[in-house]
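Taken verbatim from TrEMBL:
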ACT_SITE  A:LYS207  active site, proton donor
BINDING   A:ALA10, A:GLY11, A:LEU12, A:GLY13, A:THR14, A:VAL15, A:GLY16, A:ALA17  NADP(+) binding site
BINDING   A:LYS107  NADPH binding site
BINDING   A:GLU192  L-homoserine binding site
DOMAIN    A:351-423  domain 'ACT'
2 protein chains.
Amino acid sequence: MTEPLRIALAGLGTVGAGVVALLDANAELITRRAGRTIQVVAVSARDRFKDRGVDLSRFAWEDDTRLLAEREDVDVVVELVGGSDGPALALARAAFGRGKGLVTANKAMLAHHGLELAAAAEQAGAALKFEAAVAGGVPVIKGLREGAAANELRQVYGILNGTCNFILSKMETESRGFDDVLHEAQAAGFAEADPSFDIDGVDAGHKLAILASLAFGTAPTFAAVEMTGIRHLLAADIAEAAALGYRVRLLGLAESGVSGLFQRVHPYLVPLSHPLAHVTGPTNAVVAEGDFVGRLLFQGAGAGAGPTASAVVADLIDIARGVTGPPLAMPSDMLARADRADAGDRRGRAYLRFTVEDRVGVLAEIAAAMRDAGVSIESLIQRGSHAEGGVLVAIVTHEGPERCVAQALERLRGSQSLVGQPMWMHILD
Amino acid sequence: MTEPLRIALAGLGTVGAGVVALLDANAELITRRAGRTIQVVAVSARDRFKDRGVDLSRFAWEDDTRLLAEREDVDVVVELVGGSDGPALALARAAFGRGKGLVTANKAMLAHHGLELAAAAEQAGAALKFEAAVAGGVPVIKGLREGAAANELRQVYGILNGTCNFILSKMETESRGFDDVLHEAQAAGFAEADPSFDIDGVDAGHKLAILASLAFGTAPTFAAVEMTGIRHLLAADIAEAAALGYRVRLLGLAESGVSGLFQRVHPYLVPLSHPLAHVTGPTNAVVAEGDFVGRLLFQGAGAGAGPTASAVVADLIDIARGVTGPPLAMPSDMLARADRADAGDRRGRAYLRFTVEDRVGVLAEIAAAMRDAGVSIESLIQRGSHAEGGVLVAIVTHEGPERCVAQALERLRGSQSLVGQPMWMHILD
């Protein structure tokens, strides 16, 4: 195994440039650990002449990304183009068509086309590896696929989007509103100009679909992920949660049960006794609960050039070492097509917040809707005014089926007493 | 790869019985993930007829553990006998001598003989895997060896002994003394009848030597691990630490620098802002700091039948999948023999606690010793009495070289003013 592993790099944004920088900086170490050198042969990106802070003149250049997969001198293609379809998917298909391995950070592509790509890789006898697609530099794909492989997993959940966790941490420690913190995050480069993929939970949903597939032996089914983001969260919600002993975190949670596969991205109240309550800033953390191993936690930087490049190169080192095996932990034809479990059947406690008109009878209307839907109230706080304005009613329910909470909210829909949408958060118990 | 992977199991204590139970319980799942069945062929233990809660009549029995390695029908030997030398080491050598793989949970054996065993495995072309040797079910060996493989690691540290963390958590939440909690832990089976390996830091030292080898590309050198346990810790120390915003944790910490390899097990003050401050009970947690990936955290159950069996079987699944590679992350002949770094050169803040006679001049004597050794005091608290009795003087120093603190303590050695040994804890900043 003294032949170098020859790679082609598609996409030279932050992460692509980071991969080149990492392979340069730690070349000797990587060679020792991988048993052979990992050598960039060719690259492709949108703009050939942009300064990316790394010397690209050493590498062959392809204007057409897909041609990287055609090159005879390339063993593995690294796809860092992004996007669920388009050039990334075309490149992936082309790579397997030529029997070449693929390393990718593309969570959207895997969430949508994971099964097809895993099957194509298996058929080609080629590697498909994607550690960088979930939780940046944290080796959680490896942790589930290999580390926890002996376990029947009951649940996998975690903080999967660093931008949201950064915003939530800031709102919490500085008692600031969502829009305010989002703008700061955008200015600082922690959030995109169009932040909707992050703040509406779509990015976390992509990652969750991948984790669920590995954890439960099911095909990735992004279409079945229920997603609610943090856009409508108030500083007052975070303050109420804190008063109750919780911190608000956007969690992706997947669970496999008799009624099927449940996948949801949603804001949760996390008790201070849980490690996820102490994950702050743009950090990611994933918990997996196994029947023998108990609770495993993996935590680290969820994004950024360095951490993501670290995961990409870890995959390359695995390939260089000759480590292969089915991409989705078992052969793709063994993956189940799980039914989508009905969220209504889930039991738990809920936090409900209403912003209401300050007039007689409003509280009675809300309480009646809860009663009529069979929702039992554990605590209720009404506050005359809060930073964002308006009268706030915050309810914590006793444990019960989510169906009842949904019915109560349905009964209140269109009520003249309510200002804006109610906020519903689940409580992680 | 449809042939079963045939294993022999040496040692049928809690973990050995757990491995059999796990292979039974999750057999179908494991076969799907491993691509072949994992089949116990033969077993060996001290007492053939003891009831272990699992049916052993299916397996061949060997009275002489070493004969497991001689069997033609065995591919991999699982060593769960324990002990750094003796039967465990003999079995490991015999396994490689016959070209068979070895999976072990034996941290002591690896800490002492890791280099020899890795070389023997490489020469035999056989696997040597030991995920269960560090942090029980937590895949931290894999995390360092593969997940973080692209990084130059600066530091690796963590909570490596569940018994100590259980005791410290109890002392903290219940304000109880060390002996009191230790006896309860022994009664509950969380601590051994002879607890010295755990409470004096030796067990954590074994694990640290293994982590350091993987992290820094050095041969495991247990002899160079400095170890101080928690035996002399007072409830008052934990209370003082809490008042300062810290929790006390027994950490193993290894660092590679220009002056060599530093390895130490010691009680630390961990700030509440650090994730390790929130690790309670018999949980283990390991932090690795890499040049590209930043800070990674791996956390989970550090011991027990289920978690340890989970790690053992994960290793077996890797072997069944054909995953090999050098046991210590790079070929053993590339591992450096690092010099032992001098702790005196390290800079940091320290917590010092003296129990003193209640008479004139004691404080002046301590303060003078600090001054004369060049130790700058950040804060000092003297308390007239505490639960364990006596007058307590607790000092937090400014950042400075550890050499100076050691000199100050040396100056005070034998002083008539001091009752018992001073307590020195490092502060994790």
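Cβ atoms are placed via backbone N, Cα and C, with glycine included.
TrEMBL labels come from automatic prediction, so no person has curated them.
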Any further residue of that chain within 8 Å (Cβ to the Cβ centroid of A:ALA10, A:GLY11, A:LEU12, A:GLY13, A:THR14, A:VAL15, A:GLY16, A:ALA17) of the recorded NADP(+) site: A:LEU9, A:GLY18, A:VAL19, A:ALA45, A:ARG52, A:LEU80
Distance, A:LYS207 (active site, proton donor) to A:LEU12 (NADP(+) binding site) (CA atoms, angstrom): 22
Calculate the distance in Å between the alpha carbons (Cα) of A:GLY11 (NADP(+) binding site) and the residue listed as 'L-homoserine binding site', and round it to a whole number. 18
Tell me, by DSSP, whether A:LEU12 (NADP(+) binding site) is helix, strand or coil? coil
Nonlocal neighbours by CB distance (under 8 Å) for A:ALA17 (NADP(+) binding site), same chain, sequence gap 6 or more: A:ARG52, A:GLY53, A:VAL54, A:ALA305
Close in space, distant in sequence - A:GLY13 (NADP(+) binding site), Cβ under 8 Å, 6 or more apart: A:ALA45, A:LEU80
By a three-class reduction of DSSP, the residue listed as 'NADPH binding site' is assigned helix
Work out how many Å separate A:LYS107 (NADPH binding site) and A:GLY16 (NADP(+) binding site) at their Cα atoms, rounded off. 16
Entry from the binding-site residues list A:ALA10, A:LEU12, A:VAL15 having the most other CB atoms no farther than 10 A: A:ALA10
For the residue listed as 'active site, proton donor', what residues in its own chain, 6 or more apart in sequence, show a Cβ-Cβ distance under 8 Å? A:LYS107, A:ALA111, A:ALA133, A:VAL134, A:ALA135, A:LEU160, A:ASN161, A:GLY252
